[in-house]
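Engineer: Just dropping this structure here.
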């Protein structure tokens with residue numbers, strides 16, 4: 001590990017920004033975290049508190065899609081930044097993203113188990129599953145630019161078409177492709193079709209903006225600095241935010257935990 005210089009330490013202390021990180025990526029991820037917390041608080045009030053929030057339809061459903069879309073776009077951007085900064089190639093580079101994707105999938109499976117135990121539905125392919133699989137599938141596309149934009153747009157359009165058909169199956173195995181299993185409640189459903197298309201579009205954007213290799217990161221504006229810790233710790237916050245929200249709502253008497 002290379003020790004931080006005095007200048008780097010001063011920068012991190014005064015701006016809240018870690019050296020060699022792009023503040024705009026962390027800030028955008030921080031915005032996505034806030035959007036996620038707002039939506040899931042609304043969802044919990046609806047599902048657990050009996051409040052008529054209509055969290056799964058109308059404007060709230062659109063808000064949830066925008067939140068997921070921002071996260072997934074930033075997954076693509078982050079993959080481009082990571083690829084531009086690494087000296088690994090070939091199988092060693094693939095092994096890096098395979099390990100990263102499998103780690104995210106392990107967290108996703110824990111989340112699936114928690115939902116099943118609590119009787120809150122089956123998260124067979126939620127956003128964490130999608131991110132884990134996307135990190136692995138994105139390997140052949142890491143260096144592409146315009147091709148990613150075209151493919152991403154086509155994947156997104158095809159996926160939206162499939163979802164609009166409301167296709168169902170007796171098997172869970174088709175759920176990653178937009179085919180819902182019959183009789184199964186699936187919260188946080190984010191299939192590869194169409195959402196992997198958003199990752200590819202983010203990868204296109206990341207390669208255009210950050211793909212030419214390492215460059216100095218600018219200091220974050222003052223107003224953006226509170227968002228940076230949220231963006232840097234987005235996975236940890238994702239894993240703990242629902243238990244924290246539910247606990248706070250229960251302790252305040254707003255919702256009841258009768259499902260336990």
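Note: Cβ is positioned from N, Cα and C throughout, glycine not excepted.
Straight out of TrEMBL:
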- 21-243: domain 'Heparan-alpha-glucosaminide N-acetyltransferase catalytic' (DOMAIN)
- 21-40: transmembrane segment (TRANSMEM)
- 60-81: transmembrane segment (TRANSMEM)
- 146-163: transmembrane segment (TRANSMEM)
- 192-210: transmembrane segment (TRANSMEM)
- 235-257: transmembrane segment (TRANSMEM)
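Context for these features, please: burial, neighbours, distances.
Structural biologist: Counting same-chain residues at least six beyond the ends of the transmembrane segment (146-163), those with a Cβ under 8 angstroms from any Cβ of the stretch are 76, 177-179, 191-201, 203-204, 207.
Nonlocal intrachain contacts for the transmembrane segment (192-210), taken as residues 6+ away from its ends with a CB within less than 8 angstroms of a stretch CB, comprise 22, 68-69, 72-81, 84, 125, 130, 133-134, 137-138, 141-146, 148-149, 151-160, 162-163, 176-178.
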Engineer: Quick test of the contact rule: Cβ under 8 Å, at least six residues beyond the ends. What residues does that give for the transmembrane segment (235-257)?
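Structural biologist: Residues 33, 36-37, 40-41, 44-45, 48-49, 104, 107, 111, 128.
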Engineer: Six or more residues out from either end of the transmembrane segment (60-81), which same-chain residues have a Cβ under 8 Å from its Cβ atoms?
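Structural biologist: Apart from its flanks, the transmembrane segment (60-81) reaches 22, 25, 28-29, 31-32, 35-36, 38-39, 42, 53-54, 97, 127, 130-131, 134-135, 138, 142, 148, 190, 195, 198-207, 209-211, 234.
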